[in-house]
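Engineer: Sharing a structure, written as structure tokens. Questions coming.
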Amino acid sequence: MTSNSSTRVRILVHGATGRMGQALMRLGAQRPDATIVAAVSRGMPAQRVVDGVPHFAASELHGAPAFDVAIDFSLPQGVDGVLALCLERGAAFVSGTTGLEDGQRGSLQAASERIPVLWASNFSLGVAVLGELVERAAAVLPGWDCDIVEAHHVHKQDAPSGTALTLGGFAELGGAQPRYASLRAGDIVGEHTVQFATAGERIELIHRATNREVFAHGALHAAVRLASRRPGLYRVRDVIS
Ligand SMILES: NC(=O)C1=CN([C@@H]2O[C@H](COP(=O)(O)OP(=O)(O)OC[C@H]3O[C@@H](n4cnc5c(N)ncnc54)[C@H](OP(=O)(O)O)[C@@H]3O)[C@@H](O)[C@H]2O)C=CC1
Ligand SMILES: O=C(O)C1=N[C@H](C(=O)O)C[C@H](O)C1
């Protein structure tokens, strides 16, 4: 690891031209503890250098300068390439890309033996707390129906959302067997409702993200923390504080 507390952490943003990538570029430029040294997208943007940051197409990833940690918010087909680059360079890897194949989850696990790796379906603090509430509710409401309903913008490609599946995992830990429903409409940033229902009553636990900055802040914070960690597989709660 090449960074320490007296230097700025060097970040490569993968998926930089996307909705999340643009939020990361904007917020990353404002951090006193980090510098975005490279931006990568599938194709090339109109300008090769934007606000002082060099941009690279995915096909020229290996030309990227030295970095300490990559933050990836792309699509499943883009993840393998940037993970391989992190392994080559000994850099940490933070990813929020959802819809990964089981084999890709296995690759993250294998990579974590050599570099610090953090993948999370949702980088907001609220969803981290919601997971714990869902597990507790499922545990104390045996036999109640558990339904997870998620709503997102029309451009989202995967369903159910990664967050819905993660919340479903918490419900299962509490003993429930969740069902899933997905809605794609307008520009909804991300909403998740976990409903527990039985005859005559129901409980709804709801998280609404109203902008992407909550995710971008969480990912940047995680990246700065992860850059100085030992190899391993980390969760958001491991780098909160
Ligand atoms: N974990 C979390 O907290 C959150 C996760 N997400 C997830 O992040 C991901 C991105 O979401 P969003 O920003 O809305 O998506 P966008 O479609 O807006 O952006 C995708 C970005 O990835 C790039 N990209 C696509 N394919 C490749 C590839 N093969 N190689 C390299 N780069 C590629 C695109 O480049 P180009 O423009 O050139 O096509 C673009 O820059 C999704 O999986 C989404 O579910 C989203 C929000 C929060
Ligand atoms: O694609 C999105 O936009 C989001 N994806 C994540 C998911 O699949 O859970 C997180 C957030 O809800 C926004």
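Backbone N, Cα and C atoms are what each Cβ position is placed from, and that goes for glycine too.
Features from TrEMBL:
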type	residues	note
ACT_SITE	His152	active site, proton donor/acceptor
ACT_SITE	Lys156	active site, proton donor
BINDING	Gly15, Ala16, Thr17, Gly18, Arg19, Met20, Gly96, Thr97, Thr98, Ala120, Ser121, Asn122, Phe123	NAD(+) binding site
BINDING	Arg42	NADP(+) binding site
BINDING	His153, Gly162, Thr163	(S)-2,3,4,5-tetrahydrodipicolinate binding site
DOMAIN	9-123	domain 'Dihydrodipicolinate reductase N-terminal'
DOMAIN	126-240	domain 'Dihydrodipicolinate reductase C-terminal'
Engineer: For Thr98 (NAD(+) binding site), what is the tally of other C-beta atoms lying within 10 angstroms of its C-beta?
Structural biologist: 23
Engineer: When you measure from the Cβ of the residue listed as 'active site, proton donor', which residues in the chain that are at least 6 apart have a Cβ under 8 Å away?
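Structural biologist: Same-chain residues close to the residue listed as 'active site, proton donor' (Cβ under 8 Å, separated by 6 or more) are Arg184.
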Engineer: Which of these recorded positions (Gly15, Thr17, Arg42, Gly96, Phe123, Lys156) have a C-beta closer than 6 Å to some atom of ligand 2?
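Structural biologist: Result: Lys156.
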Engineer: Which of the recorded positions Arg42, His152, His153, Gly162, Thr163 has its Cα nearest to the Cα of Gly15 (NAD(+) binding site)?
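Structural biologist: Closest candidate to Gly15 (NAD(+) binding site), judged by Cα separation, is Arg42.
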Engineer: Of all the binding-site residues given, namely Thr17, Arg19, Gly96, which is spatially nearest to His153 ((S)-2,3,4,5-tetrahydrodipicolinate binding site) at the Cα level?
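Structural biologist: Nearest in space to His153 ((S)-2,3,4,5-tetrahydrodipicolinate binding site), counting only the binding-site residues, is Arg19.
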Engineer: Could you state the CA-to-CA distance between Gly96 (NAD(+) binding site) and the residue listed as 'active site, proton donor/acceptor' to the nearest Å?
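Structural biologist: Their Cα atoms are separated by 16 Å.
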Engineer: Where Arg19 (NAD(+) binding site) and the residue listed as 'active site, proton donor/acceptor' are concerned, what is their Cα separation in Å, rounded?
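Structural biologist: Cα-Cα, rounded: 13 Å.
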Engineer: What is the pLDDT of the domain 'Dihydrodipicolinate reductase C-terminal' (126-240) when averaged and given as a whole number?
Structural biologist: 97
Engineer: Restricting the comparison to the recorded positions Arg42, His152, Gly162, Thr163, which residue's C-alpha is spatially nearest the C-alpha of Thr98 (NAD(+) binding site)?
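Structural biologist: Closest candidate to Thr98 (NAD(+) binding site), judged by Cα separation, is Gly162.
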Engineer: Measuring Cα to Cα, how many Å separate the residue listed as 'active site, proton donor/acceptor' from Thr17 (NAD(+) binding site)?
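Structural biologist: Their Cα atoms are separated by 19 Å.
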